[in-house]
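J.: Pasting a structure here, questions to come.
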Amino acid sequence: MGCNPPYLLSYRLRLLLLFTLCLTVLGWATSNYFVGAIQVIPRAKNFMATLHKVMYLGNEETLGHGAAMKKAELANCPSVSPNLRGQNKLVFKPDLTLEEVQAKNPKVSRGRYRPEECKALQRVAVLIPHRNREKHLIYLLEHLHPFLQRQQLDYGIYVIHQTGSKKFNRAKLLNVGYLEALKEENWDCFIFHDVDLVPENDFNLYTCGDQPKHLVVGRNSTGYRLRYSKYFGGVTALSREQFFKVNGFSNNYWGWGGEDDDLRLRVELHKMKISRPKPDVGKYTMIFHTRDKGNEVNGSRMKLLQQMSRVWKTDGLSSCSYRLLSVEHNPLYANITVDFWTAA
C-alpha cells in the first residue's frame with residue numbers, strides 16, 4: 001500500500017539522470033569557454049608587443065631582454081633636466097684629438113647614448129653635413145656630447161660626408177642623413193646642425209615641438225644677434241613628421257646659400273610657425289674659418305627660391321638620389337659617406 005508504483009520510480013530516476021546530464025554538459029561548456037578566453041589574452045598581449053616592436057623598429061631587441069625590461073621600468077625623464085648648467089664658457093684646445101674626446105665619453109657607443117636614470121622623452125638624431133672640417137668636427141663633438149647628455153636625451157650623432165671635389169651640397173647631405181638615420185632607428189626628432197656652430201647654453205633644448213624650431217638666435221660673429229629677421233639656418237629642429245611633410249630640403253642648392261631660406265618657405269607654405277629660444281639661451285660660438293673651396297656662393301639661389309612653391313613636391317626627399325659609399329660606426333658618431341654624381 002505504501003510503495004510507489006514501479007512506473008513512477010522509473011520516471012523520477014530518468015528525470016534525475018537527465019538533470020545530472022544537463023549539469024555535466026553545462027559545466028563542460030563553461031569550463032571550455034573560460035579556458036578559451038584565458039588563452040586569447042596572452043595572444044592579444046603578444047600582438048601588442050609585436051606591434052610595439054614594429055613601431056620602434058625592433059629597438060627593444062637590440063637592447064637584450066634584461067636591458068629592455070630595465071628600460072620599461074624606468075620613469076620618464078623630466079621635460080627640463082635637473083643636470084642643466086646654463087651658460088657655458090667654451091674652450092677650444094689647439095691640439096685636441098678625437099681620442100681625447102672619446103675618453104671623456106665612455107658611455108657613448110657607435111655615436112649613440114641614452115640616459116640610465118630615466119626614459120628619455122624623445123629620440124633625437126643630430127645630422128652634421130661635412131667635408132674637410134675635421135678640426136671643427138672634433139671641437140663640436142667635444143662639447144655636443146656632454147651637452148646632449150645633460151639634457152637626458154636618447155640621441156645619435158650622424159656625420160654625412162660628401163666625397164669628391166664637386167660643389168658642396170649641404171641640403172642634400174641633410175636629406176641623406178634623414179633617410180639613412182631612419183634605417184637604424186625610428187627617430188622622433190632631427191637636429192640639422194652646421195659643423196662650425198657650438199651651443200653655449202644647455203637650456204637650449206635639442207628637442208622637437210609642435211612647430212619647427214630655429215635654435216641659433218645669435219652667434220659671436222654677429223654680436224649674438226639674429227642674422228636677419230627670417231633667418232632659419234645654422235641649427236634647426238624638425239620632427240620626423242614635419243620634415244617629411246615639407247619633403248625635406250631642396251636637392252638643387254650647390255654651393256653656399258639659399259637652402260635654409262628654401263626650407264623656411266616650405267615650412268611657411270604648410271602653415272607652420274617657427275619658434276626660437278630666448279636670445280640669452282639660443283647663443284652659439286662660430287669657429288672661425290675661411291670659405292671652403294667647392295662651397296662658393298650659389299649664384300642661382302634667388303631663382304631657385306622663386307621656384308619653390310612649384311617644385312617642392314618633386315624636389316626633396318622624394319627625389320634625393322645618391323651613391324652610398326659606406327656607413328661606419330665610430331665610437332662618437334656614425335659616418336655616412338656619399339657621392340653625388342651630378343652637379344648643377
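A Cβ is built for glycine as well, from the same backbone N, Cα and C atoms used for every other residue.
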J.: Need one residue: from R170, R301, R310, R323, the one Swiss-Prot lists with G258, E259, D260, D261 for N-acetyl-D-glucosamine.
T.: R301
J.: Validating a neighbour-count step here. Other CB atoms within 10 A of the CB of P129 (UDP-alpha-D-galactose binding site): how many?
T.: 23
J.: Between C-alpha atoms, which of these binding-site residues comes nearest to N220 (N-linked glycosylation site): P129, D196, G258, E259, R301?
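T.: Answer for the nearest of the binding-site residues: D196.
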J.: Neighbourhood of the N-acetyl-D-glucosamine site (G258, E259, D260, D261, R301): other residues with Cβ within 8 Å of the Cβ centroid, in order?
T.: A171, G233, Y253, G257, D262, L263, N298, L304, L305
J.: Which one is it: of the recorded positions C118, C208, G258, D260, whose Cα lies the shortest distance from the Cα of D196 (Mn(2+) binding site)?
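T.: Nearest by Cα distance to D196 (Mn(2+) binding site): D260.
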